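**Student:** The structure is given below, and queries will be raised subsequently.
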Amino acid sequence: MSDNERTIVVRVLKFDPQSAVSKPHFKEYQLKETPSMTLFIALNLIREHQDPDLSFDFVCRAGICGSCAMMVNGRPRLACKTLTSSFESGVITLMPMPSFTLIKDLSVNTGDWFLDMTKRVESWAHSKEEVDITRPEKRVEPDEAQEVFELDRCIECGCCIASCGTKLMRPNFIGAAGMNRAMRFMIDSHDERNDDDFYELVGDDDGVFGCMSLIACHDTCPKELPLQSSIATLRNRMLKVGKSR
């Protein structure tokens, strides 16, 4: 055993809403920390050796799918990208992300929320003419393509939603993910909608005007999307539409 090896404590909020006898409670697990150990590795060791009933989500293990997002010491993070060594005390408290339907323990249903958001902001390219999918898409300038790609890097992990104070007060608020998605299509020349069209979708208190600019979303996004500037640009464009009415 290495002299530098330490024992860490992982506290998990456990609860199964589908069980008539389950009650929310914290359960502690102790395990030996290994070099470069992530929370994903720790949780898998816990489930394999201590608690096979522990529920959490994962797919890619590389910070690409967003499935393993959870509250880590009160802050939303990706378990697969969070090193246990970054917590000096060695005590790590894990809870499911708020604002999403709880499935069990650390597992929440982000899929239904993002599907509903996708429909609300109509996040697909709108064309006034029927699109011939057998022909190449209309070309765009490299700068535009880069701007669209930058906003399109969202992995739908839900960290921005879980950290949003407005979302906790307004259940129907589309959050940074929704506003970023709207902005992504506003700057895409393949989408033929104008600002008035987007105003009908996000120009209210459940949309961009409900944002209190706390910018927790910007601070917690694991992909470091430019959410602050994206939301500010969207708000300015929607304000111009609102003033013209």
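Here the Cβ of each residue, glycine as well, is placed from N, Cα and C on the backbone.
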**Student:** Select one of Cys80, Cys221: the residue that Swiss-Prot places in the [4Fe-4S] cluster site alongside Cys154, Cys157, Cys160.
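**Tutor:** The record-listed residue among the candidates is Cys221.
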**Student:** Looking only at the domain '2Fe-2S ferredoxin-type' (17-98), how are its residues distributed among DSSP helix, strand and coil?
**Tutor:** 17 helix, 23 strand, 42 coil
**Student:** Of all the binding-site residues given, Cys80, Cys154, Cys211, which has the fewest Cβ neighbours within 10 Å once its own Cβ is left out?
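**Tutor:** Counting other Cβ atoms within 10 Å of each of the binding-site residues Cys80, Cys154, Cys211 gives the minimum at Cys154.
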**Student:** Do you know which of the binding-site residues Cys65, Cys160 has the most other C-beta atoms within 10 angstroms of its C-beta?
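**Tutor:** Max Cβ neighbours within 10 Å, all protein chains included: Cys160.
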**Student:** Cβ within 8 Å of the [4Fe-4S] cluster site centroid (Cys154, Cys157, Cys160, Cys221 excluded): which residues?
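**Tutor:** Neighbours found: Gly66, Ile155, Glu156, Gly158, Cys159, Ala176, Ala177, Asn180, Cys217, Thr220, Pro222, Lys223, Leu225, Leu227.
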**Student:** Would you mind reading off the Cα separation of Cys60 ([2Fe-2S] cluster binding site) from Cys211 ([3Fe-4S] cluster binding site), to the nearest angstrom?
**Tutor:** 31
**Student:** I want to verify one value. Collapsing DSSP to three states, which class is Cys157 ([4Fe-4S] cluster binding site)?
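**Tutor:** The three-state answer is coil.
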